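Features of the protein shown, as given by Swiss-Prot:
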type: TRANSIT; residues: 1-44; note: transit peptide
type: BINDING; residues: 48; note: chlorophyll b 1 binding site
type: BINDING; residues: 68, 87, 196; note: chlorophyll a 1 binding site
type: BINDING; residues: 90; note: chlorophyll a 2 binding site
type: BINDING; residues: 92, 133; note: chlorophyll b 2 binding site
type: TRANSMEM; residues: 93-113; note: transmembrane segment
type: TRANSMEM; residues: 132-152; note: transmembrane segment
type: BINDING; residues: 153; note: chlorophyll b 3 binding site
type: BINDING; residues: 194; note: chlorophyll a 4 binding site
type: BINDING; residues: 224; note: chlorophyll a 6 binding site
């Protein structure tokens, strides 16, 4: 039934969804809801919270834009562009980090927590998968890392095109994924979705390690599965004598 405040309608136009598979254009086939008011103004519904209006400054044109900005961080266009750039870089680091944490532990080569213990020793020697690293002392590694990151950051700062900052192409696209514009948009959306999951995964690794120091995520998972009732986050934050021996 129509009310005096407005009519609610659903359009079949596709918008991105976290759960739905992406099409070649990077959009899903799920419908979005719009609100048609008596004044004729139509407002798209935010995909992250159906029924809530999409913020005016988020038009859905950016990969992974689902209308979620409760703190209004993206209201200033310059800030929004900087946040998009920062997010995609952190996504890529996280996607490198998560398999880097899981794979060595799965192969029985130690966990990511113990891998860095050498740095705390006076004459510590860095190793990679059990093998000594050339020039593997802490000052040398820090110097190499500083110079490498400084060079990369300088090149990024000199680039004025915001799209090329995020997607430089060229040598960074050896398989030519960006040649097909429609496919490229789909891959952008997949990258941001997987990157966000990877960032959450790494936060989970850090929380898990803080709760059970010295253990890796796979070891901790195996311990939890062996005795879920006693080996869980509640075992850390709630005294055990409250819920039994």
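In case you wondered, yes, glycine gets a Cβ from its N, Cα and C as well.
Mapped onto this structure are the features recorded in Swiss-Prot.
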| residue | record | DSSP (3 states) |
| --- | --- | --- |
| 68 | chlorophyll a 1 binding site | coil |
| 87 | chlorophyll a 1 binding site | helix |
| 92 | chlorophyll b 2 binding site | helix |
| 133 | chlorophyll b 2 binding site | coil |
| 153 | chlorophyll b 3 binding site | helix |
| 194 | chlorophyll a 4 binding site | helix |
| 224 | chlorophyll a 6 binding site | helix |
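The list of residues near the transmembrane segment (93-113) in space but at least 6 beyond its ends in sequence, with Cβ under 8 angstroms from a Cβ of it, reads 129-130, 194-195, 198-199, 201-202, 205, 209, 213-219. Here the C-alpha separation of residue 87 (chlorophyll a 1 binding site) and the residue listed as 'chlorophyll a 6 binding site' works out to 32 Å. Packing against the transmembrane segment (132-152) from elsewhere in the chain are residues 119, 123-126: each is 6 or more residues past its ends and has a CB under 8 Å from a CB in it. If you draw a 10 Å sphere around the CB of residue 92 (chlorophyll b 2 binding site), it holds 15 other CB atoms from the protein chains shown.
Between the C-alpha atoms of residue 68 (chlorophyll a 1 binding site) and the residue listed as 'chlorophyll a 2 binding site', the distance comes to 18 Å.
Listed in sequence order, the residues of the same chain lying 6 or more apart from residue 196 (chlorophyll a 1 binding site) and placing their CB within less than 8 Å of its CB are 64, 91. Of the chain residues outside the chlorophyll a 1 site list 68, 87, 196, 64, 192 have their Cβ within 8 Å of the site's Cβ mean position.
Every protein chain shown contributes to the tally, and the Cβ of residue 153 (chlorophyll b 3 binding site) ends up with 10 other Cβ atoms within 10 Å.
Comparing C-alpha positions, residue 90 (chlorophyll a 2 binding site) sits nearest to 153 among the binding-site residues 133, 153, 224. Using CA atoms as reference points, the binding-site residues 92, 153, 224 were checked against residue 194 (chlorophyll a 4 binding site), and the closest is 92.
Looking only at the binding-site residues 92, 133, 224, the one with its C-alpha closest to residue 153 (chlorophyll b 3 binding site) is 92. Least crowded of the binding-site residues (87, 90, 133), judged by neighbouring Cβ atoms within 10 Å of its own Cβ: 133. Within its own chain, the residue listed as 'chlorophyll a 6 binding site' has 231, 232 as residues 6 or more apart in sequence whose C-beta sits under 8 angstroms from its own. The maximum pairwise C-alpha distance among 68, 87, 196, the residues recorded as binding chlorophyll a 1, is 14 Å.
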